[in-house]
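Annotated features in Swiss-Prot:
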TRANSIT   1-48  transit peptide
TRANSMEM  116-136  transmembrane segment
TRANSMEM  143-163  transmembrane segment
TRANSMEM  204-224  transmembrane segment
TRANSMEM  242-262  transmembrane segment
TRANSMEM  278-298  transmembrane segment
TRANSMEM  321-341  transmembrane segment
TRANSMEM  345-365  transmembrane segment
TRANSMEM  379-399  transmembrane segment
């Protein structure tokens, strides 16, 4: 009997290859398997599973697989008559730097929360287009200015996610056991090194840009992201519902929209004018982000309650918070329809009214199929909201 080992983020421990014993059953929750062949050890990975294995038949695990599951070299799997799981290595198995690098990159992709990083990239790219008035504005100076904004804000965004994970390791053992610092893919030392590198890079790039709006934006973003997570009597804003909502609004709305807009105006030598479109974007994304922050905490009630984090969901209940956020988002879309309808341009009026009506309808339909008490359902709804954000970054160009 033999099976292929697969990676799982939910288990830990060591298994040993003992070829002198027979195969009967497998019951293990271990993660890092080590096989012995002579005096050498062969690191491998094994999925966490409670299954009986028939030694005469093949089986396939029905255990949950990580979305970032790695493709690794095949091993054979079985168990001894004592219930001890064992592994037989393939002769050609060996650890390579490519495998290690791939594993670390996969861990970093989870560590950086790609959906948030993508939102930052799309948002900055979109807002940077608002000051442009003609094709001639697509100059080398514009693209340099865009990169000057993208790199430090992206580093600051990943820093915010990383510092939160460094501080919340114990809570994440309950709420998010797949995160690299919890699963062991990253050590605490590696996490701190990444945070330090991101901090240096974001400020170095902001300073070298010689752009006051950009530096102020990056500094405020960094300070809010730090205050949101770090332990301090006056900080740790994520445990204070009102400050947590302000933090999300500040990060995604009040900071990026105006500072990137003014930065590009400065790069292009245009007068500092706060346009109708950037004013709408700042207000809309601030409201949307505050609701995102509250919805983000809905699946984490168990861990937050155990560690005394009095989020809105812990205080008022998941269903009430979900319903309130949904109504606020619908109000924001309704306001967007009104603002769009007041445009003097027929094209802008038509696109903004129809576009926001469609997005609001999609929001309602998705909300009806979401169960606030089901963490997976709520997390899926949370990710859906980011798709609505991506669409909004297109519509803001018609709010003129």
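Positions of Cβ are set from backbone N, Cα and C atoms, glycine also.
Counting Cβ pairs closer than 8 Å to the transmembrane segment (278-298), the top stretch among 116-136, 143-163, 204-224, 321-341, 379-399 is 321-341. Nonlocal intrachain contacts for the transmembrane segment (204-224), taken as residues 6+ away from its ends with a CB within less than 8 angstroms of a stretch CB, comprise 145, 148-149, 151-153, 155-157, 159-160, 247, 250-251, 255-256, 258-260, 262-263, 266-267. Listed stretches 116-136, 143-163, 321-341 were compared with the transmembrane segment (379-399); the greatest number of C-beta pairs under 8 angstroms is found for 116-136.
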